[in-house]
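Comments concern the structure below.
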Amino acid sequence: MEDLILFSCLIVSSSWPDHFIHLFGNLVSVPSGGTTPCHYGEEVWQDGSSLRTTIRAENEVEANKLANNYRFGFRKWKSHVTERPIEDRSDIVRELYSELNFVRPQGSLITCGNIAYLILFGWWISLAYLLVCVLMFLTIIGVPYGKLCWKLSCYFLWPFGKSILKVTVMTVLFHIFPHYVCARAFVCVCMCVCACLLACLVSCAVPCWVQCRVSTYVWLLLGYPLLGLIHSLACFLSWILVFTIPVAKMNARTLAIILLMPPEDVHIHRLKKVDDQVLLCCYHAFNWYYYKYTLDGINVFAVNLLPLVITTLVVGYVDTENQFVSSEAKFAAAVSSIIPLSYYIGMGIASISAQSNFAVGAVVNATFGSITEMTFYITALLRGHKAGTKCYEEIVKAALTGTLLGCILFIPGISMIIGGFKHREQRFNSRSAGVSSALLFISVGGVFAPTLFSKAYGSLVCAGCSSSQANTSGPFTCMDCHYDMVSTYISCSPLVYTISVLLPSAYLIGLIFTLKTHSHIYDIQVSDTGTGMCDTSLYWLRALSVLIMATLLMAACADLTTEHIKPILDHSSISQYFIGVTVLAMVPEIPEIFNGIQFALQNNISLSLEVGNCIAVQVCMIQIPLLILFNTFYDVGFVLLFSDLHLWASIFSVIVVNYIFMDGKSDYFQGTALVVVYLILLALYFFAPSPHTC
């Protein structure tokens, strides 16, 4: 028997720290009966004729999530669904969450990222401090803060290799409670006045430190608001760019702590080992690893795109006449807003499934797993029915086919390419992949069966026909020939309803086969859930709230997308087929593409392939039958008859991908073949004429 796929496990020994790293392991070949432990979350080995997967995680929820990744019909999710303790993460990731207040050995400070900081942020932040410095000197009483602004102006021009220190003990309260600066200044002034009265009103000059405290009012009225605006802008811009988050932390820490301290307590020195308290020190303004940064378990990219979602909905539903924003811009914003919402829906599904039994998880994945696409399809069909045009129906069919092609060809292909650059050859369980392949054959055959039926028994209708004047009985030349959808669909509608029942039944049988009767194909065992504790009820409620809210927002964005797509369809020189199979089909799947790539990079190509197959099977066996069911109760004119281009492109894709998956091995060449086939099909759609109904 061929060598087994080995997903590496976490090494636990007395010499290792007691923590778990939850990344999928390297795929390597081992002899029958062998195991190879390592530092990842699961291990697979041969035991007789079964393939066993042992999973270790820091808590039960994460273990269930990892197990669900191997189950048919469950969404494959790479990220954690519970908050991960920072001490359990690698040194590189821990550094991402540092507060920029500790000194460490430094390397070269002249880097491309630091130079980019100087160009993008450093010069105008430094200039702002210089202007506030002049303003403080003009007030006379604000001279101490003017000196501080001059020092910070030099610092922010090039902050790397320098540290801001707190050198006295008198201002601890300013660091711990920075919001009470005004209150302390007022108390100091009152105490000074009382001391002067008790000293029999001795005529003497006001001490310098009292003048400094009085100058705080001038600073808080004139200097701090201006610099607060500058730092807020720099913080926002650097946070949105994600990879420059250290710049955002530096600006936020300056605004919240340093600018609220007495100026004489702030000193700037070259980075070195010091005994004073370090308030701020930064080595690099740019870090590629910030794509891993999370806020309460949510990826920073998804967090940063939330303002786009809110702005899109507000502008889309307020500016109904397109007076301020064009319809094309609203369409682009609405489509882009689908990306973070797809991420939140996927996270919610994975989290709920991990905290429920397999029956509830299967139902949640079957329903909400298709909610992103279904909201767009249904709103498009409703809008097309209201407008009395079949163009929207053709767009929906193109999007369905595009999702099928992208999940069959592009997601596995790009995962193989990127994973192949890191790993020479990757192996996967051909037996478990065979289940998805069989269902894929069944589903594609079922979906396109009415189309094949119409080709054999349908009525061909031609328009723009002409014949030679010399020979009226000769052949006709016709410009537009197509099958009469109405008459053909009436004759094959019993077949459509039969298929809409058989496909979900086959999906249900697949679930029972893989999760119950033949679960030994995966043989998933949870060996150790570690010592981590988590409040499952809290995570379950949060996941449910996120899932419901993201679904509602997705419906609103889908409505805006279908509302503003008409100008693009009417005035675009690109075929409507191409718009459907690319933008509308693949944008909602962007989170799944990144999941597949991450699995491949960690040598878990098996899950990368399952990501695409799972979505493709759901498109055929769940989404299309649901559209037929919806059309049965509310007739929007949806006809399950596809064009010849959709038919042959889908069949050809299924044949190609099953041929490549036969040997249970993958490399970057096979991935390139899949991506090239996908690009060839996209070229066909790009140059194809628009549907006659558009």
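Any Cβ shown, glycine's included, is placed from N, Cα and C.
Curation plays no part in TrEMBL annotations; they are all automatic predictions.
If you look up TrEMBL, you'll see 112-162 marked as domain 'Inner membrane component'. If you look up TrEMBL, you'll see 183-210, 217-242, 298-319, 331-352, 358-378, 399-421, 433-453, 495-515, 539-558, 611-630, 636-661, 668-688 (among others) marked as transmembrane segment. As annotated by TrEMBL, domain 'Sodium/calcium exchanger membrane region' applies to 331-449, 544-685.
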Interface check, the transmembrane segment (636-661) with the transmembrane segment (433-453), three or more C-beta pairs under 8 A: yes
Chain residues outside the transmembrane segment (495-515) and at least six past its termini with a C-beta under 8 angstroms from it: 71-73, 358, 362, 366, 432, 435, 439, 442-443, 446-447, 449-450, 453, 489, 521-522, 617-618, 620-622, 624-625, 628-629, 632, 640
Long-range Cβ neighbours of the transmembrane segment (331-352) (under 8 Å; 6 or more residues past either end): 61, 65, 68, 75, 77, 79, 81-82, 298-299, 301-302, 305-306, 308-309, 311-313, 315-316, 360-361, 364-365, 368-369, 371-372, 376, 539-540, 542-544, 546-547, 549-551, 553-554, 557-558, 560-561, 564-565, 567-568, 583-584, 587-592, 595
DSSP-assigned states of the domain 'Sodium/calcium exchanger membrane region' (544-685) in counts, ordered helix, strand, coil: 116 helix, 2 strand, 24 coil
